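Record features, source TrEMBL:
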type: COMPBIAS; residues: 268-287; note: compositional bias 'Pro residues'
type: COMPBIAS; residues: 288-310; note: compositional bias 'Low complexity'
type: COMPBIAS; residues: 318-332; note: compositional bias 'Low complexity'
type: DOMAIN; residues: 37-142; note: domain 'Gnk2-homologous'
type: DOMAIN; residues: 148-257; note: domain 'Gnk2-homologous'
type: REGION; residues: 264-332; note: region 'Disordered'
type: SIGNAL; residues: 1-27; note: signal peptide
Amino acid sequence: MSLLSISLLWFLCCLIITTTFIFKTSADLGTTSQRFFYFCDQNNERGNYTAKSNYARNLNTLLSTLTSNTRIDYGFYNSSHGENKDKVNAIGLCRGDIKPEECRGCLDQAKANITQLCPNRKEAIGWYQDEKCMLRYSDRTIFGLNETEPAYYMCNMNNATDADKFNGVVKNLSDKLRRKAAAGDSRRKYGAGTAVDDQSNKTVYGVVQCTPDLSEAECDSCLVESIKGLSSHYCNDKIGARMVRPSCYHRYETYSFLFYDPSTHHPSPSPSPSPSPSSPSPFPAPSSPKATPSPSSSLLPPSVPSAESPSSPPPSVPLSSPTPSFEGVKTSSTTVTTVPLLLLLMGSFLFVST
């Protein structure tokens, strides 16, 4: 075999390895142009279903009726449909500052997307439109369980001028909101508020939330881990960050990103639970745990400066707010960067040329 043939073979091998690397790391967390982040049971632990199976019919029925109960005006839906191995469980949660009609619209859009983006998967989870809402379903019980993974987080690219002072303001605000959210009831576990950093004269806006099926201790534990993770490991000294998990959510910014104050809207009393396991119910049921990797490294490159999600258009930020810039989404996957890959290909090309 000639030297040229060996060089060409080496170049093709590098190209294949590069392509495989990008595909594998990008497969864990998916994104769409509608700012929909989703995980399709990335380890395929729950398996698949077929298009004409009982599970498929139960899933379609469940998702089509999930938000049909208009008496639920506090942004939390949970329901089950089917029996035994064909039973499907689903949870829909809207951020506490989202109005009821907008909440249902967000979940309806998420329902339309998730089964197309995760075809035939028995388990999937997605966060839609700047985390306005979360939708998840599985063949296992997911109610009443503190689940912190799969997860992702985002960091503002800008550091605080006086990091120690700013971090203290964020921590005090986050802890205050955490206690408020954990003490919530079975309809809403949510806390939002502001604090002022005297050093920079900036207002810090914060929000925390848990799925209301968690106990006070479980909600507190989930948020403690999220707050500590952002401040100590992932986004320390940054002026904005968020941690997004199945059971809890934590975010702070130096601009207002909330839409309205839910305290001005009084949710209706919780409806009585239905005796039928296949009908909607706002109350939790026992569940079993699941473990997946923790978020640690960058998955996708950042989007345009005003966007908060990769490969997506700018988010819905109030016009009076400064334009945020973010480093991008971080998950459990390996860093995907184009520069080392291009250098590898260029080196291979030069080797071929010589």
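Positions of Cβ are set from backbone N, Cα and C atoms, glycine also.
Across the domain 'Gnk2-homologous' (37-142), DSSP assigns 33 helix, 29 strand, 44 coil. Sorting each residue of the domain 'Gnk2-homologous' (148-257) by its DSSP state yields 39 helix, 35 strand, 36 coil.
Looking only at the domain 'Gnk2-homologous' (148-257), the predicted model's pLDDT averages out at 96.
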